[in-house]
Protein chains: 2
Amino acid sequence: MNQFLEFAIDLAEKLQGQTSTNPSVGAVIVKEDRIVGFGAHLKKGEAHAEIQALKMAGEEAKGATIYVSLEPCSHYGMTPPCSKSIIDHEINAVVYAVKDRSLNKSGHDMLVEAGISVTHSPSTRAEQLYESFFVQQELEMPFVTLKVSTSLDGKVATDTQESKWITGKDVKQDVLKLRSNHDAIITGGETVRKDNPLLTSRTESYREPQRVVLTRKSHFVESLDIFNDEQKPVIIITDQSNFKITKNQNIKLKKLDELNLKAALHYLYTEGYSNVMVEAGPNLISQFIEQNLVDQLIIYQAPKMIGGQGKYQYYQTHDVYPLSEAKQFKIISTDIIGEDVKIVLRK
Amino acid sequence: MNQFLEFAIDLAEKLQGQTSTNPSVGAVIVKEDRIVGFGAHLKKGEAHAEIQALKMAGEEAKGATIYVSLEPCSHYGMTPPCSKSIIDHEINAVVYAVKDRSLNKSGHDMLVEAGISVTHSPSTRAEQLYESFFVQQELEMPFVTLKVSTSLDGKVATDTQESKWITGKDVKQDVLKLRSNHDAIITGGETVRKDNPLLTSRTESYREPQRVVLTRKSHFVESLDIFNDEQKPVIIITDQSNFKITKNQNIKLKKLDELNLKAALHYLYTEGYSNVMVEAGPNLISQFIEQNLVDQLIIYQAPKMIGGQGKYQYYQTHDVYPLSEAKQFKIISTDIIGEDVKIVLRK
């Protein structure tokens, strides 16, 4: 693998999570073995990676090679097509790692027609980077991360529903940061009513995710913290046609005929939230797992055992499945966070 | 910390687990900044570390300094006291890391009386090495490791009791090796009856642990594998005064008036098993945890979720405890073993 293409993929990885619903892309321009420009897409609606890199390279772009993590686009969207800019800057050659399956007209073909040498140089690392983007785009569903804080024996509370705090303060800090890496945080109405959480990242250096509450009841009491801070309105998704908002509640309401998780996720995707995190009680957590809606699972385990009968296990289902139908994940990493374990898994 | 004392502690660590019920000790002899001898205690009843090192040093021991991980002994046990050999070899100075609280007469004092310079040079690493040894010796109880293989959501079987296999083949291999690091493996009668396990380490290069079965029933059927291989007799600990052994069963029987876990562990310690591992079903596992008898917990988690109501969680108790009384452990390490997670915890 070419080192410049590796660098372009590195850049894309660094910006992952903040370009929703666009993919994260990196670009590097090289002339006579010297980097003359590089860039990355920072935010949907702003310049693409290739444009950033071309701007940095200026006149040097003429006759140079551009390395891009994803095939340059060929369409007029919120910005002009990158392939056109590459042609206009008289770039000599284009090397990209992943073919953009979402393009109607191939950027590759458009560049070749303009007489530019184009190479598709596949990379497993880059494929993994865009895998979920293509799936999301095809299904029109966000990438769903489920966060669970549990005891070592799989419980989120004692049988008498005591649950504060199972994991330690370092985990709390890690979760705040995690929130800021997501477009939206989804929780259930019961969690809001019972725990009165803010669900913010609570630090100026972090971006604040959109907060989303799913509920089957027709109102929330006015005093709950989540409806009374200076953030963007909280999105409430409900099947209650008569849902009531009091005038002081900072709420954006979405009514669905039927409150099912797939429909709620699809709605969020169409609203531009392509990267969401679920932080909820065992009931909603179990529904997400049972319905195979979890793309990534982040589980924090405290090194303690709660015992009892396990009334509040984080994954409990009405149906009993054979072992061959157990929900299967793949471990990505394990870490020790303060006194607790963090395990990251993917579908 | 002196490099030679570090080396002596390294040696003690390498031999840890095979010297029961003796502590693992390393010794290094140094003359004019050159190592002239080193050794470690290999097995109870055989030469102590100091004796091994003195033998290697031979005449060079005269006027040399000996570094030992633990204070040299002063008593005639299965072998003559090391302090006497050190004096006889005309060693000039002794440096040791941990004071031996189990000695009636101090080896330190005996050496000083003989005109040898003696230094106690404390080391946290060495203290940790002997911590459990002293506790075991005082309580006359073995160091207990509990091994658990579970799904990510804390279950060892589906609600219909399907349990083979939750964790993968790499874990199986890891467990075989783990067995060989223990003096004895403890299991319950129900596991033997239901799963018919061998509980051996199954490789010539590994030592075989003693197998121990706890049961409240008065016999086992003859055909079970564990009673029909060429290993040492299986120890059965039971409260059944009329327990029956058929003539082909390779069994050593220990009857207790009452089958409680503490009494069973104490019996094993007095029989020379100071380092035991529990591999059992959720019922016995839960008893060991609930009675605070677990010194070390090794938990293998498969990246899958079983769900259901959790009839077979690995830790379930009749009593409900407040969160402040949850069984607390400390994480020592986390690893990925094949497709599964391995977490090692201590009390």
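Please read every residue number as a count from 1 along the shown chain.
Every residue gets a Cβ built from N, Cα and C, even glycine.
What TrEMBL says about this protein:
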- B:1-119: domain 'CMP/dCMP-type deaminase' (DOMAIN)
- B:His48, B:Cys73, B:Cys82: Zn(2+) binding site (BINDING)
- B:Glu50: active site, proton donor (ACT_SITE)
- B:Ser163, B:Arg179, B:Arg202, B:Glu279: substrate binding site (BINDING)
- B:Trp165, B:Thr191, B:Asp195, B:Leu199: NADP(+) binding site (BINDING)
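Here the features listed in TrEMBL are painted onto the structure.
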residue	record	Cβ neighbours (10 Å)
B:Glu50	active site, proton donor	32
B:Cys73	Zn(2+) binding site	23
B:Ser163	substrate binding site	19
B:Trp165	NADP(+) binding site	11
B:Arg179	substrate binding site	22
B:Thr191	NADP(+) binding site	18
B:Asp195	NADP(+) binding site	14
B:Leu199	NADP(+) binding site	26
B:Arg202	substrate binding site	13
B:Glu279	substrate binding site	23
Among B:His48, B:Cys82, B:Asp195, which are recorded as binding-site residues, the nearest neighbour of B:Arg202 (substrate binding site) by Cα: B:Asp195
List of residues, in chain order, with Cβ under 8 A from that of B:Cys82 (Zn(2+) binding site) and at least 6 apart: B:His48, B:Ala49, B:Glu50, B:Ile51, B:Pro72, B:Cys73, B:Gly107
In three-state DSSP terms, the structure that B:Ser163 (substrate binding site) belongs to: coil
Distance [Cα-Cα, Å, rounded] between B:Asp195 (NADP(+) binding site) and B:Ser163 (substrate binding site): 10
Shell list (Zn(2+); ref centroid = CB of B:His48, B:Cys73, B:Cys82; cutoff 8 A): B:Val25, B:Ala49, B:Glu50, B:Ile51, B:Pro72, B:Thr79, B:Pro81, B:Ser83, B:Ser85, B:Gly107
Other CB atoms within 10 A, centred on B:His48 (Zn(2+) binding site): 27
Cα proximity to B:Thr191 (NADP(+) binding site), best match among binding-site residues B:Ser163, B:Arg179, B:Glu279: B:Glu279
Most distant Cα pair in Å, residues B:Trp165, B:Thr191, B:Asp195, B:Leu199 binding NADP(+): 16
Cα-Cα distance linking B:Arg179 (substrate binding site) and B:Trp165 (NADP(+) binding site), given in Å to the nearest integer: 19
Binding-site residues near B:Leu199 (NADP(+) binding site) (Cα-Cα within 10 Å), from B:Ser163, B:Arg179, B:Glu279: B:Arg179, B:Glu279
